[in-house]
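*Asks:* TrEMBL feature annotations, pasted as is:
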- 57-61, 130-136, Y141, D159, G326, H377, D444: (6S)-NADPHX binding site (BINDING)
- N58, D126, S162: K(+) binding site (BINDING)
- K414, G415, A416, F417, T418, G443: AMP binding site (BINDING)
- 9-216: domain 'YjeF N-terminal' (DOMAIN)
- 226-504: domain 'YjeF C-terminal' (DOMAIN)
Amino acid sequence: MYFVTAQEMYDTDQYAIERIGVEGKLLMENAGRAVANHMELFVSDQKRIAILIGKGNNGGDGFVIARTLLQKGYDVEVIVCASPSEIKGDAAYHRDVFRNSGFPFISYEEIENLEHALKEKDVVVDAMLGIGVKGAIRPPYNQLISFVNQFEGEVISVDLPSGVPADEGLEVDQAVQADRTIVIQFPKVSAFLEHTAAYYGRWEVVDIGLPSTVIQSKKTQKRVWKKQDVSTTLPTRGAFSHKGKHGKGLVIGGAVAMPGSIAMTSRAALRAGAGLLTVATVQENITALASTVVEATYTTLPSEGGYISDIGSVDFSYDAIAMGMGMGRHTGAETILQVALEQTQGILLIDADGLYALKGILSSLKGRHNPTILTPHPGEMATLLNVSIPELLHQPFAYSKAFAEEFQAYIVLKGAFTIITTPQGNQWVTVTGNPGMAKGGSGDVLAGILLAMVMQSQSLERALCNGTWIHGYTADLLVQHQHSTYDLLASDVIEGLAQTYRALSQ
Ligand SMILES: NC(=O)C1=CN([C@@H]2O[C@H](COP(=O)(O)OP(=O)(O)OC[C@H]3O[C@@H](n4cnc5c(N)ncnc54)[C@H](OP(=O)(O)O)[C@@H]3O)[C@@H](O)[C@H]2O)[C@@H](O)CC1
Ligand SMILES: [K+]
């Protein structure tokens, strides 16, 4: 499923009107009807509904929603948040159709105590501001938004909660806190940003028949990766498959004080389907590791001060290598990473301490002939970019895209919304996962799952999308059934992979 900026939505609208010949009025009719029909699924006709209508096209949708619900027998009061004469274009057309159908509306100015009037209702439909919102919220919307936010019944926003911009990189001045948002045709970028997503409440998309042509014609696209995408793309394992067919992987990492990280990465890779796995780590850790990860083979590396000191003895002819987990932040790390960047013949995934070592030699990425995958959390990504974490999270799509394109790497920016970006600039977001995963070891497990995924026969972007989706979904299944977000451990997710694979194969 594509998701879009405000401009991409307007371009799509224009294309439908000018090139396909569907009138704007008809699109608005479709939008309002689709929203009203969707509401019918969860709002009973016994509820008292107020619809707040702004003067732009979001308000135009509101008039169609109101007419459709009234025709279905709902109890609806329509409150226009502007002087009705300020309404223009398609919205004015639907205001007139509404009025000509014999339905009344009232201006907010005519209501003596709007806050009190809302208290009589069970549901408020917020059709005040949509993708056209700009800058600080002006009267009367600022006051109306605060009334809506004090309302105790259900708040349903149309397209997006009023006051929330569609795009990244923008401040939220004041916005409706919706319980539910019914999104028109394509989700907007702000549904996947940490500072704006919560305003949407739970959201669903309704189809109004707009084509994806404009979005598909852009040089790059943004898409949501969903369960159906995983089910249809995850490679199946044939009856005659053998271990060599599912990839030979190598994990390089660990330090004397940190054997846990690579243990988790390795076990996750094996559980996620890696065919053959080798672990290269400091000699002091091998005995302990070999008893925890019995299915792997081992390469002993020399250490100095507890850290890996040399990886010259490593055979780099693996299908994929994951490097950096538990490696420690030490001065020699950059040199050994440089060796891996030069020698790796297959895919190289760099995680955790490997990303810190990478900072000083970033330009080496540009010279690689084989794919590089970086899997930073926001702190690691902000360090690589020399920006603060809040700056990064304000526009994570733009930062990831610029970085991936400049350094020709695949970027998996981890978070509540994990963003996968290809070197060409295409982006996917996965929305599985829960706060139980904000614990040590989570990243190590993801690195292992991704290592296994990129060795299966699927494109790299699909492998990364499937891996991040599976990681989050497994944690979701675990907190639904056996665990809570308090006690869930990263290693539980490794054991939980079995449930996810079984669920996907049913
Ligand atoms: N594909 C599509 O495009 C389709 C779009 N559709 C629908 O149209 C919506 C977009 O409509 P839109 O462009 O008219 O913008 P919208 O969100 O109603 O707001 C504009 C109004 O807000 C006002 N305003 C702005 N900022 C403000 C502020 N800070 N504080 C106060 N006021 C502010 C601004 O006032 P002005 O600046 O003009 O004085 C103007 O009056 C979209 O979300 C969807 O619901 C569907 O019907 C069909 C397909
Ligand atoms: K709205």
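Glycine is no exception: its Cβ is also placed from the backbone N, Cα and C atoms.
Explain the structural surroundings of these features, please.
*Replies:* Sequence-distant neighbours of H377 ((6S)-NADPHX binding site) (same chain, 6+ apart, CB under 8 A from its CB) are L413, K414, G415, G443.
For S162 (K(+) binding site), the same-chain residues 6+ apart in sequence whose C-beta sits under 8 angstroms from its C-beta are G54, N58, D126, M128, L129, G130, V133, Y141, I145, V148, A175, V176.
Around A416 (AMP binding site), the C-beta neighbours below 8 angstroms that are at least 6 residues distant in the chain are E194, A197, V431, G433. According to its DSSP assignment, A416 (AMP binding site) is coil.
On the 0 to 100 pLDDT scale, the domain 'YjeF N-terminal' (9-216) averages 96 in the predicted structure.
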*Asks:* May I ask you to report the DSSP-based helix, strand or coil state of I131 ((6S)-NADPHX binding site)?
*Replies:* coil
*Asks:* If one measures from the C-alpha of K134 ((6S)-NADPHX binding site) to the C-alpha of F417 (AMP binding site), what distance in angstrom results, rounded to a whole number?
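*Replies:* K134 ((6S)-NADPHX binding site) and F417 (AMP binding site) have their Cα atoms 25 Å apart.
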*Asks:* Hey, how far is G60 ((6S)-NADPHX binding site) from F417 (AMP binding site), Cα to Cα, in Å?
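*Replies:* Roughly 32 Å, rounded to the nearest whole number.
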*Asks:* Using C-alpha atoms only, work out the spacing between I131 ((6S)-NADPHX binding site) and T418 (AMP binding site) and round it to an integer in Å.
*Replies:* 24
*Asks:* Three states by DSSP: which one describes D126 (K(+) binding site)?
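*Replies:* For D126 (K(+) binding site) - judged by DSSP and reduced to three states - the answer is strand.
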